[in-house]
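Visitor: Handing you this structure, nothing more for now.
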Amino acid sequence: MPKKFYVSWDNLQREARRLARRQLPVSQWKGIIAVSRGGLVPAALMARELGIRNVETLCISSYDHNNQRDLVVVKAATTAGDGEGWLVVDDLVDTGGTAKAIRDLYPKAKFITIFAKPMGEPLVDDFEVAIPQDTWIEQPWDMALEFAHPICDEE
């Protein structure tokens, strides 16, 4: 079983704010392209911190159950052209498969992620947190807080 790295809402917001600060000045951006689905929350945080209201989505999907799959663009950010002046935001770059497809679609965009693993790191222009390749990231939107029974209840 791979190692796990748990991300809280507080940590995600803090890391997003640090990453956003490096994207100034805002005047260089026409808008944000949020990579669905993992990049939707980080893109919302970036849009808020940078005061950007023009947010497009890029929806990339894959098929074939749980196996490594071919990428299919379900919806492109059509107003972004070749990406010049656009900030592409995703939560994570892992092996680089999705990142390569994004680079092909928007070669002139600046591509940023909150988290980066070594195999994907060369494909992004900026990221905030380096994560080992063999580590699974548990994002806050994939987790739920639950009641923890007191230890004395185990007796």
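All positions are counted from 1 along the displayed chain.
A Cβ is built for glycine as well, from the same backbone N, Cα and C atoms used for every other residue.
Pulled the feature table from Swiss-Prot, pasting it below:
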- ARG37, GLY38, ARG69, ASP90, ASP91, LEU92, VAL93, ASP94, THR95, GLY96, GLY97, THR98: 5-phospho-alpha-D-ribose 1-diphosphate binding site (BINDING)
- ARG69, ASP94, THR95, GLY96, GLY97, THR98, TRP136, ILE137: GMP binding site (BINDING)
- ASP91: Mg(2+) binding site (BINDING)
- ASP94, ILE137: guanine binding site (BINDING)
- ASP94, ILE137: xanthine binding site (BINDING)
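What's the neighbourhood like for each of these?
Guide: Neighbour list (GLY96 (GMP binding site), Cβ cut-off 8 Å, at least 6 residues apart, same chain): MET119, GLY120, PRO122, LEU123.
DSSP assigns THR98 (GMP binding site) to a helical segment in the three-state reduction. Non-local neighbourhood of THR98 (GMP binding site): VAL35, ILE60, LEU71, ASP90, each in the same chain, at least six residues away, with C-beta under 8 Å from its C-beta.
The Cβ of ASP91 (5-phospho-alpha-D-ribose 1-diphosphate binding site) lies under 8 Å from the Cβ of GLY38, GLY39, VAL41, PRO42, THR113, ILE114, PHE115, ILE137, GLN139, each of these being in the same chain and 6 or more residues away along the sequence.
For the recorded site, ILE137 (GMP binding site), the DSSP three-state label reads strand.
Other Cβ atoms within 10 Å of the Cβ of ASP94 (GMP binding site), summed over all protein chains shown, number 21.
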Visitor: Just to verify a number: CA distance, GLY97 (5-phospho-alpha-D-ribose 1-diphosphate binding site) to TRP136 (GMP binding site), in angstrom, no decimals.
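Guide: That comes out at 17 Å between the alpha carbons.
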Visitor: Roughly how many Å separate the Cα of ARG37 (5-phospho-alpha-D-ribose 1-diphosphate binding site) from that of TRP136 (GMP binding site), to the nearest whole number?
Guide: 17
Visitor: Which whole-number value in Å describes the distance between the Cα atoms of ASP94 (GMP binding site) and ARG69 (5-phospho-alpha-D-ribose 1-diphosphate binding site)?
Guide: 14
Visitor: For VAL93 (5-phospho-alpha-D-ribose 1-diphosphate binding site), which residues in the same chain are close in space, meaning a Cβ under 8 Å from its Cβ, but six or more apart along the sequence?
Guide: ALA99, THR113, PHE115, ALA116, LYS117, GLY120, GLU121, LEU123, VAL124, PHE127
Visitor: Please report the DSSP secondary structure of ARG69 (5-phospho-alpha-D-ribose 1-diphosphate binding site), reduced to three states.
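Guide: In the DSSP reduction, ARG69 (5-phospho-alpha-D-ribose 1-diphosphate binding site) maps to coil.
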